[in-house]
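Structure first, commentary second.
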Amino acid sequence: MDVLCEENTSLSSPTNSFMQLNDDTRLYHNDFNSGEANTSDAFNWTVDSENRTNLSCEGCLSPPCFSLLHLQEKNWSALLTAVVIILTIAGNILVIMAVSLEKKLQNATNYFLMSLAIADMLLGFLVMPVSMLTILYGYRWPLPSKLCAVWIYLDVLFSTASIMHLCAISLDRYVAIQNPIHHRRFNSRTKAFLKIIAVWTISVGISMPIPVFGLQDDSKVFKEGSCLLADDNFVLIGSFVSFFIPLTIMVITYFLTIKSLQKEATLCVSDLGTRAKLASFSFLPQSSLSSEKLFQRSIHREPGSYGRRTMQSISNEQKACKVLGIVFFLFVVMWCPFFITNIMAVICKESCNEDVIGALLNVFVWIGYLSSAVNPLVYTLFNKTYRSAFSRYIQCQYKENKKPLQLILVNTIPALAYKSSQLQTGQKENSKQDDKATENDCTMVALGKQHSEDAPADNSNTVNEKVSCV
């Protein structure tokens, strides 16, 4: 933008020139706020009465002029996108740290979640800031044209990697439920990393045609000065291969996993009832010895502990599926509008309004980006280990505080002493009760003898039986 001030004989002082320029600025603001401003003549005003000021802008629809004209409108959207970027980067860094440092979280599913967090973090570092820059420049590409294809490639790569990770997690958990022995045998850390490498390889292969053809032909990635996929074949094939097909696999395997868990829980409950019935059935007489009673009680306890362990494992699986289900649901809800609108833009090119479709795509793509920032919040709300780890990392405490040996002894020894004293008291009470029972038995024996002496001879057998029973 050029500001050309022509001095006149009546405008010799710098103060007057500044005041005149300020008047012209107020004139511009008044016209802009009244809604009469136009992008074609916003910077071509000339005050002809005194020939004081001439504001001109070459190419009024160029990015700098367009950005300056709509600066007041774009501030809020830029602020919101900046918040999304910060949340995405910070939250996913916390997830990566938690899986790397917490031993409780080091399993196959959390390794996939860590790789997913890496993809989301790179999306926040490399893709979202450039997208925010295009918003400030009126959705025009402000960088060198060769970087446009690279930026679209990274966008498609990280978005495809996200859906592929979720699809792989769903498949892995379904295999673990259906064939647990085989899954445990092939579920080492190395095998998990090999699966993650396979996911990234597939994502790179799907998105690689974009830079290959985009760098050769700018028309495939540019449309009216905006950096976007302009080839209809890229849009259709990419939408189905990178989103809809993995989405279908993910949803089907997730619901099959839920169904299998419900079936296992039902079988476990019925099996637990059968074991309890078999254990409660006793072949021993009621007047058995105390050791035999203890043996019977130990048999009765075994199925309960077995059932509790099995039900606990099923409950843990159900909780994990619940958290993953929320992640899947949010990802689908946030990305589906963009991909559906993307396909509509190709199918109904003639009947649909391109301006409306373009505006919807600009909004829906940021809703999809928001899913990368939401995942750490889901882990925080529904997983205690993640929540405690995040709170410690925010306070710069990277290791869990363990109690010193002295505190452990202070906390455990009094409890043990209390339990031992209670045990001794119980033993004393039991011994007193035994002594009383013995005294009663002895008195009964004495009474029996006395009664036998005074009683007739025909009752002697009955008395002797009573004494022997005691």
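Positions of Cβ are set from backbone N, Cα and C atoms, glycine also.
Predicted, not measured: the structure shown is a model, and the values here were computed from it.
Residues or ranges marked as N-linked glycosylation site in Swiss-Prot (evidence: sequence analysis): ASN8 (among others).
Annotation comment: Swiss-Prot describes ASN38 (among others) as N-linked glycosylation site, evidence class sequence analysis.
Look at Swiss-Prot and you will find ASN44 (among others) tagged as N-linked glycosylation site.
As annotated by Swiss-Prot, N-linked glycosylation site applies to ASN51 (among others).
Positions annotated as N-linked glycosylation site by Swiss-Prot, on the basis of sequence analysis: ASN54 (among others).
Marked as N-linked glycosylation site by Swiss-Prot on the basis of sequence analysis: ASN75 (among others).
According to Swiss-Prot, the feature transmembrane segment maps to 81-97 (among others), an assignment based on similarity to another entry. Long-range contacts of the transmembrane segment (81-97) within the same chain, counting only residues at least 6 positions beyond its ends with a Cβ under 8 Å from a Cβ of the stretch, are 113-114, 117-118, 120-121, 123-125, 128-129, 131-132, 135, 366, 369-370, 372-373, 375-377, 379, 386, 389-390, 393-394, 398.
Counting residues 6+ beyond its ends, the topological domain 'Cytoplasmic' (98-111) has Cβ neighbours under 8 Å at 117, 169, 172-173, 187, 189, 191-193, 195-196, 320, 324, 385-386, 389-390, 393, 398-400 in the same chain. If you look up Swiss-Prot, you'll see 98-111 (among others) marked as topological domain 'Cytoplasmic', on the strength of similarity to another entry.
Sequence-distant contacts of the transmembrane segment (112-137) (same chain, at least 6 residues past either end, Cβ-Cβ under 8 Å): 63-64, 66-67, 74, 77-78, 81-82, 84-85, 88-89, 92-93, 95-96, 99-100, 143, 151, 154-155, 158-159, 161-162, 165-166, 168-169, 172, 192, 195-196, 199-200, 226-227, 362, 365-366, 369, 372-373, 375-376, 379. Taken from Swiss-Prot, the feature transmembrane segment applies to 112-137 (among others).
Within the chain, the transmembrane segment (147-171) has long-range Cβ neighbours (under 8 A, six or more residues past its boundaries) at 109, 112-113, 115-116, 119-120, 122-123, 126-127, 130-131, 141, 195-196, 198-200, 202-204, 206-208, 210-211, 214-215, 218, 220-222, 227-229, 238, 242-243, 246-247, 249-250, 253-254, 257, 324, 327-328, 331, 335, 368, 371-372. Feature annotation from Swiss-Prot assigns transmembrane segment to 147-171 (among others); the stated evidence is similarity to another entry.
The average pLDDT for the topological domain 'Cytoplasmic' (172-191) in the predicted structure is 75. Annotation comment: Swiss-Prot describes 172-191 (among others) as topological domain 'Cytoplasmic', evidence class similarity to another entry.
Per Swiss-Prot, transmembrane segment is recorded for 192-215 (among others), and the stated evidence type is similarity to another entry.
Through the fold, the transmembrane segment (233-258) approaches residues 156, 159-160, 163-164, 166-167, 170-171, 173-174, 177, 203, 206-207, 209-210, 213, 220, 321, 324-325, 328, 332, 335, 339, 342-343, 345-346 of its own chain, all at least 6 residues removed from its boundaries and within a Cβ separation under 8 Å. Taken from Swiss-Prot, the feature transmembrane segment applies to 233-258 (among others), supported by similarity to another entry.
Annotated topological domain 'Cytoplasmic' per Swiss-Prot: 259-321 (among others), in sequence order.
Among the features that Swiss-Prot reports, phosphoserine is placed at SER280.
Residues or ranges marked as transmembrane segment in Swiss-Prot: 322-347 (among others).
Residues 108, 111-112, 115, 146, 148-150, 152-153, 156-157, 160-161, 164-165, 168, 172, 221, 229, 231, 234, 238, 241-242 of the same chain sit 6 or more residues outside the transmembrane segment (192-215) yet have a Cβ under 8 Å from a Cβ within it. Residues 81, 84, 87-88, 91-92, 94-95, 113, 116-117, 120, 123-124, 127-128, 131, 135, 139, 159, 162, 323, 326-327, 330-331, 334-335, 337-338, 341-342, 344-345, 387, 390 of the same chain, all 6+ positions outside the transmembrane segment (356-381), place their C-beta atoms under 8 angstroms from a C-beta of that stretch. Sequence-distant contacts of the transmembrane segment (322-347), counting only residues of its own chain at least 6 positions beyond either end whose CB sits under 8 Å from a CB of the stretch, comprise 109, 159, 162-163, 166, 169-170, 173, 232, 235-236, 239, 243-244, 247, 250-251, 254, 258, 354, 357-358, 360-361, 364-365, 367-368, 370-371, 374-375, 378-379, 382-383.
DSSP labels the residues of the motif 'NPxxY motif' (375-379) in these numbers: 5 helix, 0 strand, 0 coil.
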